[in-house]
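This report refers to the structure that appears directly beneath it.
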Amino acid sequence: MDSHVGEVDIFQQCKYIHEVELVNMKLQMRILETHIETKDRLLRNLEDIIDEQESRIANMEDFIQGRATSYTNRSNMLKGISVLSLDFGNLSEENLRLKNALSQMQKVARVNELLETDEDYESDMTSNEDRFALSRDSSCSVPRSVSPQPTGDVIKPYPQMVQSMREEGHWKKLQRCAEELKTEKDELKRLALDTKDAFNVCMAEMRMMLTSKTTDFFRVLIERYKAEMEKRKQLHNQLVELNGNIRVFYRIRPQLASETDNQKPVVVIDEMDNGVVHVSNTTGTRKTSAGADKVIPTDFSQDQIFNEVSPIITSCIDGYNVCIFAYGHTGSGKTYTMDGPVTMPGINQRAIMQLFETAKERTGDIKYDIKVAMMEIYNEKIRDLLNTSNTNLAIRQTEEGRSSIPGLEEVSVNSAEEVTETLARGRKNKAVAATEANIESSRSHVIVRVLVSATNLITKATTVGRLNLVDLAGSERVSQTNATGQLLKEAQAINKSLSELGNVVLALRQNQKHIPFRNCQLTRILEDSLNGDSKTLVIVHLSPDAKSLNESISSVNFAEKIGQVFTKSGTMKREPTRRSMTGISSGQRREIPASPRK
C-alpha cells in the first residue's frame, strides 16, 4: 500500500496535462517491467516444478522397476507450488494497485486540465530554464523505449526518471515552438518583401501619375495666370487712358503770413465745380481755367496729396514709363510738393516707398530691383547730383527707342533709410541762387529717376519701368526777377526749355508727324514719358499772392494747353517682356476720378 500511496502522490504533484501524460507513460512502462519480472519468476518456478516432477517420475520408475526401495521428494513439489501460488497472488495484488493508480491518475489529469487555464505556464518555463539547460544533455541520453532489464540490473529510481522525462518533454515542446516561430518569421519576412515590392511599384506609378497631373495643372494655371494678368493690365491701362494719359492737377499754395494782411487770395476754387479755378484781382484782371482733373485744396496735407497721385505709380509697376512733374513760378510750392521737409516728406520719397511696399506684398511671385538716379538740367547741361564729377552727360537712344544717359550713377536702394540718404545727398548738390522772387530759387530742372526692374518668377518675364519725378525750375518772367549776368543766362535757359516743352505738347495735341523732342535736353529726357503709352501727371502750382497774378495766369494757360493732349498709344518699340505683369489687385489701386472739362 505504501507503493500505491507514493504513486498517487506523484500524480498529485502534476500541474499540467503533459506532466500527467508523462507520469502515465512511465507508470505503464513500470507495469510492463513488473509484469516481465513476475513472468520471469513464474517461469523459474515452473521450471523448478518441472524439475521436481521429472525427479519424482524418475524415482517412481526406479521404485516400480525395483531399482529403488522407497518413493520421496513430495515436499519440494509442494514448496514450488506454494511459491507459484504466492507469485500469482502477488501478481493479482499488483494488478489491483495498478488499476487504482490508473483511476487516480485519470482524476488528477482532469483536475490539472481544469487548472491549466489558471496557471502561468510561461512563468514556470522561465523559472526552470537554467535547470533545463543543465540537464538537457543528460535528458537527451534517456532511452526513448525501455527494454526489459535482466533480473539482476538496478532500475533507476522512479522520481528521477519522471524528472528526466518531464525535462525532455519541456525541451521538445520548446524546440517545436522555436521551429514554428522560425517558420512564421520566414513567412512574415517574405510577406514583408513582397509587400515592399508591391508598394514600390504602386508608389512609382502614383509618382508618375502625380507628376503628369501636376505638370498639366501648373501649365494650365500659368496660362490662366498670364491671361488674367494681361487682362488686369489692359483694364487698368484703359481706365488710366479714359482719365487721360496726360493729366493735370492744380495745387493752390496756402497764403503766407505776409500775404494775409488786408488781402484776399487771387486764386480760388469755383464753388460749383471743384475742377475749376478763378484767378482775379481787384483791378479786374480775371482768368477762369478749364476743368482740370483735380484741384487740390490749400488745406490738404502732404499725405493727402500723395493719396491723390499714387494710383499712377501702379503703371510704373506694370512696366510703363511714368512722369510726375511740378510746374509753376518761383515761390508757388513746387519743391515743397516734390521734396518736402524731413518731418513731412513729399512725393519723391513717398513714391519710392510705395514701390517698396508693393514689392514686399508680391515677393512670392516677383523679384524686384529698384535703383535711384538724380540729375539736374542746368543751362542745358546734364549734371549728376549723386556724382558731382559727371558735369556734362549726354543723352543716347537705345535700340528699343528708350532714352539713355551713359555714365549716370544709379544707386540700388533697399530700405527707407537708404532712400532718405540718397535723396538728401543729391539735394544738397543742386544749383540754387537768390533772386527777387525767392531767396533760394532753383536754377535748374531737378529729375529723380527711379528704375524698377521686376522679374516674374512664375512666367520668367521681365518688366522694366521708369518713374521720373521732375521739379521744374521757376517759370517767372525775367522782368519780374530783374536778373542780370549769370542769373539772366540761367533764366533764359529755363524759359527756353519750358517753351520747348510747350511746343512738344502743342505738336502732340495737333497729332503732328514730327514732335520736336530734340530741341532741348528737358524734352529729350521726358520723351518716354510724353510719347506712346506712357503716363504723365502735371501738378501746376498757383500762388494766392496778388504779386504773382500774371505768373498764375501763365501757369493756367500752360495747364490748359497740355491738358488737351491725348497721346497715341503703341508708337514706342518695346521688348516682348515689357507687357509682362507684376500684378496689383484692384483693391490696392486708387484711381483718380476725372472731372468734366469745359
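Cβ atoms here come from the backbone N, Cα and C positions, even for glycine.
Keep in mind the model is a prediction, meaning the values are calculated, not measured.
Under the heading ATP binding site, Swiss-Prot lists Gly328, His329, Thr330, Gly331, Ser332, Gly333, Lys334, Thr335. In three-state terms derived from DSSP, His329 (ATP binding site) belongs to neither a helical nor a strand segment and is classed as coil.
Per Swiss-Prot, coiled coil is recorded for 19-66 (among others).
Summarising the annotation, Swiss-Prot assigns coiled coil to 89-118 (among others).
What Swiss-Prot lists as coiled coil is 170-248 (among others), and the listing cites sequence analysis.
The feature compositional bias 'Polar residues' is assigned by Swiss-Prot to 136-150.
According to Swiss-Prot, the feature domain 'Kinesin motor' maps to 245-565, an assignment based on sequence analysis.
Residues or ranges marked as region 'Disordered' by Swiss-Prot: 133-155 (among others).
For 569-598 (among others), the entry in Swiss-Prot reads region 'Disordered'.
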Neighbour count (Cβ, 10 Å) for Ser332 (ATP binding site): 30
Neighbour-count leader, CB within 10 A, binding-site residues: Gly328, Gly331, Gly333: Gly328
PLDDT averaged over the residues of the coiled coil (170-248): 81
